[in-house]
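Engineer: Before I ask anything, here is the structure I am working with.
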Amino acid sequence: MENAKANPAASANVFSKIFFCWLNPLFSIGYKRTLEEEDMYDVLPEDRSERLGQELQRHWDLNVEKMAKTTQTPSLSRAIICCYWKPYAVLGFFTLVEESIRVVQPVFLGKIIQYFESYDPSDSAALHRALGYAAGLSFCSISLALTHHLYFYHVQRIGMKVRVAMCHMIYKKALCLSSAAMGKTTTGQIVNLLSNDVNKFDQVTIFLHFLWVAPIQVAAVVGLLWAEIGPSCLVGMVVLMILMPTQTMFGRLFSKFRSQTAVLTDTRIRTMNEVVSGMRIIKMYAWEKPFAALVSDIRRKEISKVLKSSHLRGLNMASFFCASKIILFCTFTVYVLLGNTLSASRVFVTVSLYASVRLTVTLFFPNAIEDTDDNWGETTTAVTGTSDHSLSQEDIVRITKDLEDSVGLDCRRYFTLTLALVLGLLVFLTPLAFLVIPHVLWPDKLQSCGTACEGLYISVAFKLLILLLAVWALFFRPPRAGLPRVFVFRALLAVLVLLFVMSYWLFYGVRILDPQDENYQGIVQYAVSLVDALLFIHYLAIVLLELRQLRPYHSVTVTRSTDGETRHYNLGQLSIQRAALAIIEHYYCDFPVHNPALLSASKSRAAKHLAGLKVYNVDGEFPAAQAEEPGNNAATAAGLAQSQSRAMIAAAARRRDTSHNELYYEEAEHERRVRKRRARLVVAVEEAFTHIKRLQEEEQKKSPGDVMDPREAAQAIFPSMARALQKYLRTTKQQHCHSMESIQQHLAFCVTNNMTPKAFLESYLSAGPTLQYSKDHWLSRQWTLVSEASVTSGLKDGSVFLLKCADFSLVVTAKKLPYIHMTEEYIDPKSHKFVLRLQSETSV
């Protein structure tokens, strides 16, 4: 920026740099009015883009020369490390000092609390020590504030330098690309590099030092906790160590998804750039919908990866906020169960030490792994097509296809299964723990209960066995499908069971563990009551999950969008996503297989339709050859052009008026051909089956070793019917639904089970349900639920949602079954009787 103010940081003294006093004039201006561009300081000489870019370029060139001698691939990360490792290593000392202060602070706090716990007014030496501890605590707080802000300022500045240097190299490389290299990349990819990808360098530099500081800090905290509360600290550290690899796994999975997202983002930007460039051609040929579908499909895949990354990040943050409570609960529970007494100093010191190490282990350390892998994975994708050692566009397409074809890690499914297993173990082990803990902690004080307890043991064993089988049958069945959202009732039942078991544990700890209750029969009955309550909760689960949906409540109409095939079903009180699952299951069994070939018009009909369109001579110009002839003037040429245009329009109108007749005869001709092909096929199949029966009669006379296998018999007679079957399938456009191998298998099946020719032909003469065909027609399809309402909400009257597949969609409309008001009408039995009255005039 021209005429910019000199940066005061260049001439600031040590005191000003430590306390950031050189920013006070800028803060003063910002306090008085809104900051403007003229108020900003000039960039420091060592932070300018030219200097940073040239320095990194020099290290990159040295790396390329060095790797050329060893025939290895140059590494950009190695060049960045060689360029910035010295100033960044110095900042590691600030990180170590800061985390050391965090560990020492709780020790001073505990000493101060111990002084007040054993307060003695006459002990002046204890007072002096307490004052020293208070001074040390104050010094730690001040030092922590200084080191923390200095570290983050300088480490973010290094991240900024790396980002600026990378932008300089990318921009310089883009200016030097040849025409061939420019064909492998797009402007959108370069903009994506400069605007999104390089920003990751600002994040990776913040947490990178915690990769080696965290283990040192954990070791120091374990030593201090061992001195404070003894072996009980190991329980909390075990929980913390379980959380650390879990969050590390989340970080690596997040990095994997971000790398995949970067590939899809580059593909989407490249596709959008091509669409925008060829917009005129797209509009001219009316290709808006196909290209919109192409971009939407890429964007949908990108959003799915982003959604998985968001779920992992949410789990990471949830474990971070819950870690402290879980660790403290486990630690103090074991500490008290071991016969120790809690004190304020121990509690405050333990809580503070766990808090200091928790922030590092559960947040900074996983973020370091996550951002590091994310950065390098994204950088590898970002430099696509901009250097000789980067990926080409063909590689990007191949990687994208591999990502689409591969089966991704369904983290939510495994997380739900893991959570269910943990909750199930907690539920089944809790009654057993209630019975075992008294025998372990106070066996001498327990009162023997004899036969009563033995009978209750049998009751608990059988009830737990019944509960185990019932839970396995209801909750651990193989999943039918992967739903987009959590099943609400199942989640509520899980929360209810967790709260119920935790309340039992709380009551058990307060009324049984704390006073060490001697009435063991009452403890056994308490465990039996827990099992009974769990059985009742299981009955509630059966009602909510299974019985509630059996009563019909809605009538849904399912229409296939391509051919209008419609079915009607009655469903119970289900959510939209579960109703969609039930409809898809019915679709595979009830709907005939989808055949896109039957929907396309014939080429002759399409050509005739195009020939029947109106033709307008917009310019009204006469051909130049005729205009130049003698006696032809402009008026005559215009009149001839208009007359020709009217003649063409009239001819097209006449052809359009007779198009329905042509369609009628064309369909009649098609039906005649189908009947003819069908008759030939039926005759050929009957002759083949007659030949099979004759062979079977002959083989009955042969020895058992010479009998022909059914598959060999099918292969022997298949050529006699193959041509007729092939022509029939082509005429009815079913050839893509039946392969030669599947036809031979079906023929061998019919021969083995002594089926008639009509039974064999039924699969080809009429379209069957989708499941009767090969898995290629239905197994690889992925359904997408499109609904304006939340998919976890229940079906309502007038609810409409779509189930999209690859080449068609199912439109579902729900109608509520009406309330039926039924009345009765009493009919007197005597009202059906009648009397024949005879008069004197009758001749009877």
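Glycine is treated like the rest: Cβ placed from N, Cα and C.
Marked as domain 'ABC transmembrane type-1' by TrEMBL: 89-353. TrEMBL lists 130-153, 174-194, 206-227, 234-254, 317-338, 414-436, 456-475, 487-508, 523-545 with the feature transmembrane segment.
Provide an account of the burial state, proximal residues and distances for the features listed.
Structural biologist: When Cβ-Cβ distances below 8 Å are used as the criterion, the transmembrane segment (206-227) is approached by residues 88, 91-92, 95-96, 99-100, 102-103, 106-107, 152, 155-156, 159, 233-234, 236-237, 240, 349-350, 353-354, 356-357, 360-361, 364-365, 367-369, 371-372 of the same chain, each at least six residues removed from its ends.
Away from its own ends, the transmembrane segment (414-436) comes close to residues 315, 460, 464, 467-468, 471, 475-476, 486, 494, 497-498, 501, 504-505, 508, 512, 523-524, 526-528, 530-531, 534 of its chain (Cβ-Cβ under 8 Å, at least six residues beyond either end).
Cβ atoms under 8 Å from those of the transmembrane segment (456-475) belong to residues 420, 424, 428, 431, 435, 490, 521, 524-525, 527-528, 531-532, 534-535, 538, 541-542, 545-546 of the same chain, restricted to positions at least 6 beyond its ends.
Within its own chain, the transmembrane segment (487-508) has Cβ neighbours under 8 Å at 419-420, 423, 426-427, 430, 434, 475, 526, 530, 533-534, 537, 540-541, 544-545, 575, 578, 792, counting only residues six or more beyond its boundaries.
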Engineer: Who are the long-range neighbours of the transmembrane segment (523-545) in its own chain, taking Cβ under 8 Å and residues 6 or more past its ends?
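Structural biologist: Tertiary neighbours of the transmembrane segment (523-545) are 427, 430-431, 434-435, 438, 449, 453, 456-457, 459-460, 463-464, 466-467, 470-471, 474-475, 489-490, 493, 496-497, 500-501, 504, 508, 512, 517.
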